[in-house]
Amino acid sequence: MAKCGVPQRVPGDCFRPVSTRHPRQIPSCFSICFLTHEAQSLRALAHSWWSGALLLLLLFLFLSLEQTSTSYNAKIKQKVGECPRQRLECRNESLSSCKTDFNCKAHFKCCQFACGRKCMDPYEEPCMLPSDKGNCQDILTRWYFDSQKHQCRAFLYSGCRGNANNFLTKTDCRNACMFVEKKGQCPLFPFQMRMECPASCKNDMDCPEKEKCCESRCGFICARVWLVKTGFCPRKPIVCSKIDKPKCLQDIDCPLDEKCCTRCGLKCLKPRH
């Protein structure tokens, strides 16, 4: 039988004594003893390794979240709604107040209008807005369209903020607002029993903000528009077991970008694009 040698004694305490015996072999034994300073070095090395690994893991998670956020924002570049079309031929761009929709408050969008990018309500006609001087200190002469008097008028602009009814020249104001066709669809009037009546409007700008100049049973009148949102309604089912009570009558009755669609009864649905 083999015998263990006499252990050599050195100053210090063992960090973790270990003894092992292998069965079915020639019996032998050994002990492992780390000196105190070696144990401390091992602890420091292990702590350093785990700290480095944790730091790398946190860095990886941060970069992953950053990439996910960037890709998400790239997919959702625009808010719901449609900007008014650019109505002027611009030789010089005016100062822009935004770059993307997400620079604008609430549901406002960053739109190219009147030769500059600005935050606008996609559901408002800019030429129907009142004059707004803004809240800075400059004194600049600008032009706005007075929808009540149906003419372009000068006003003093402070140099920032304000709204989209703001033009550099009277000509720009006239070109952008005098003969604008508002968004939306005129309501359908019956063609029977038409009468000859004097027109109460000549174009959309003769009407209040949410009305258009529409042909009716009695000449042209200002009528509340049917707002038609972008996209197409989903296909109707071939057979309906029952017809539900209408939840809407037109697109404007539906929230956000949903449309009023026929699907076993009128209801608000997500459109197809």
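Quick reminder: no glycine exception, Cβ is built from N, Cα and C everywhere.
Taken straight from Swiss-Prot:
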- 45-65: transmembrane segment (TRANSMEM)
- 76-123: domain 'WAP 1' (DOMAIN)
- CYS83-CYS111: disulfide bond (DISULFID)
- CYS90-CYS115: disulfide bond (DISULFID)
- CYS104-CYS119: disulfide bond (DISULFID)
- CYS127-CYS177: disulfide bond (DISULFID)
- 127-177: domain 'BPTI/Kunitz inhibitor' (DOMAIN)
- CYS152-CYS173: disulfide bond (DISULFID)
- 179-226: domain 'WAP 2' (DOMAIN)
- CYS197-CYS218: disulfide bond (DISULFID)
- CYS201-CYS213: disulfide bond (DISULFID)
- CYS207-CYS222: disulfide bond (DISULFID)
- 228-272: domain 'WAP 3' (DOMAIN)
- CYS233-CYS261: disulfide bond (DISULFID)
- CYS240-CYS264: disulfide bond (DISULFID)
- CYS248-CYS260: disulfide bond (DISULFID)
- CYS254-CYS268: disulfide bond (DISULFID)
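When secondary structure is read from DSSP and collapsed to three states, CYS104 (disulfide bond) falls in the coil class. Relative to CYS127 (disulfide bond), the disulfide-bonded residues with Cα atoms inside 10 Å are CYS173, the candidates having been CYS83, CYS173, CYS201. The disulfide-bonded residues under consideration are CYS127, CYS222, CYS240, CYS261. Their Cβ neighbour counts within 10 Å are lowest for CYS240. Long-range neighbours of the domain 'WAP 3' (228-272) within the same chain, counting only residues 6 or more positions beyond its ends whose Cβ lies under 8 Å from a Cβ of the stretch, are 80-82, 184-185. Considering only the disulfide-bonded residues CYS111, CYS173, CYS233, CYS248, the residues lying within 10 A of CYS119 (disulfide bond) on a C-alpha to C-alpha basis are CYS111. With the fewest other C-beta atoms within 10 Å around its C-beta, CYS233 stands out among the disulfide-bonded residues CYS213, CYS233. There are 16 other Cβ atoms within 10 Å of the Cβ belonging to CYS268 (disulfide bond). Taking the disulfide-bonded residues CYS90, CYS201, CYS207, CYS254, CYS264 in turn and counting surrounding C-beta atoms within 10 angstroms, the largest count is reached at CYS207. Checked against CYS104 (disulfide bond), the disulfide-bonded residues CYS83, CYS197, CYS248 differ in C-alpha distance, with CYS83 being the nearest. The closest partner of CYS218 (disulfide bond) among the disulfide-bonded residues, by CA position, is CYS248; the full candidate set was CYS90, CYS173, CYS233, CYS248, CYS254.
Non-local contacts of CYS173 (disulfide bond) by the CB criterion (under 8 A, 6+ apart in sequence, same chain) comprise TRP143, TYR144, PHE145, CYS152, PHE167. Listed disulfide-bonded residues: CYS115, CYS119, CYS152, CYS177, CYS248; maximum Cβ neighbour count within 10 Å falls on CYS177.
CYS268 (disulfide bond) sits 7 Å from CYS248 (disulfide bond), taking the CA atoms of both as reference points.
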